[in-house]
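Enquirer: Okay, so TrEMBL annotates it like this:
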| type | residues | note |
| --- | --- | --- |
| BINDING | ASP72, VAL75, GLY77, ASP79, SER81, GLU90 | Ca(2+) 1 binding site |
| BINDING | PRO164 | substrate binding site |
| BINDING | HIS194 | heme b binding site |
| BINDING | THR195, ASP246, ASP254 | Ca(2+) 2 binding site |
| DOMAIN | 30-332 | domain 'Plant heme peroxidase family profile' |
| SIGNAL | 1-22 | signal peptide |
| SITE | ARG67 | site 'Transition state stabilizer' |
Amino acid sequence: MDTLKLMCTRLVLVALLMVCSSNINHVDCQLTTNFYATTCPNVLTVVRKEVFRALRNEIRMAASLLRLHFHDCFVDGCDASILLDGSNGEKFAAPNLNSARGFDVVDTIKTAVENACSGVVSCADILAIAARDAVLLSGGPTWQVLLGRRDGLAANQTGANNLPSPFESIDQIVQKFTAVGLGVKEVVSLSGAHTIGLARCALFSNRLFNFSGTGSPDPTLDASMASNLQSLCPTSGDGNTTTALDVNSTNLFDNHYFNNLLNNKGLLSSDQGLFSSTTSSAASTTKSLVQSYSQNGSLFFGDFVSSMISMGNISPLTGSNGEVRKNCRVVN
């Protein structure tokens, strides 16, 4: 009987850990799927409606909202610090400047939520819900978003300047994921978010003409694609012209991105490196996951969902920490 009780106790503990977070360092049972059940019961409907309107106006906004959540969580946790204005704000860090977008859409969502229930729902939770809805409305999977985050009181531009970069090696990116409690599977599955959205020439032009000082394009970039991109992004350009991250499946959230990698059609160096890197210590794992996701969209969707939930659990502010901003751009 004692053995049975012990087994039951262990099962309950495992279940609690799985509900709270897949990363034991960031377990926080104050985040729940029904956090606003009584204080703002219609919040999910309100946010979904505004995200739908935003995507109907500009389909690219799906990728932009998803990226805001990612870039927020990787800097001091999911605290909506990326939304704060000010010259020292995260939105003006190099990885976000002229790149992160959707701030006006978040303002619109926040206004609608405030009209429904003033001073209740945090900007951090709005980002998490909007990211989920952006994926779903683009044809991707859905999930129950854990809620209860509060908003940070300060931005961290220095931290934002250290976000994972498309110019870094896979090992460097893995290290940055590891630093926030995520692993190689999260690196690959969350990279799959590049199945939607656009990228500026400045983020991949280093692959087009004189890759690593060779005088030639990146050998892991399909020759025909390289030629097209050279025309789109001439050396005389300003680097702000955009093109699809996922060739031939720009706006649909699916596993086509991984098929591109098998054919040397990953746009960013960090994309193609998941399949083609020969120097990364994680190369065998990332390549295997790319192959598996390219063959099995359901597997990708499942791993993407679990990775988004884990990412959303990075160091949330809860309880009396932080605040619920009335305006996402400034502290109260």
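Cβ atoms here come from the backbone N, Cα and C positions, even for glycine.
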Enquirer: For the domain 'Plant heme peroxidase family profile' (30-332), would you mind checking the mean pLDDT of the predicted model?
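Expert: Averaged over the domain 'Plant heme peroxidase family profile' (30-332), the predicted model reaches a pLDDT of 97.
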Enquirer: Give the distance between the Cα atoms of ASP254 (Ca(2+) 2 binding site) and GLY77 (Ca(2+) 1 binding site), rounded to the nearest whole Å.
Expert: 27
Enquirer: Rounded to an integer, what is the Cα-Cα distance in Å between ASP246 (Ca(2+) 2 binding site) and the residue listed as 'substrate binding site'?
Expert: 19
Enquirer: What does the structure give for the C-alpha distance between HIS194 (heme b binding site) and PRO164 (substrate binding site)? Integer Å is fine.
Expert: 14
Enquirer: I'd like the number of other C-beta atoms within 10 A of the C-beta of ASP79 (Ca(2+) 1 binding site), please.
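Expert: Counting Cβ neighbours of ASP79 (Ca(2+) 1 binding site) within 10 Å gives 29.
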Enquirer: Using Cβ-Cβ distances, find the residues under 8 Å from ARG67 (site 'Transition state stabilizer') that belong to the same chain and are at least 6 apart in sequence, listing them in sequence order.
Expert: ALA100, GLY102, ALA193, GLY197
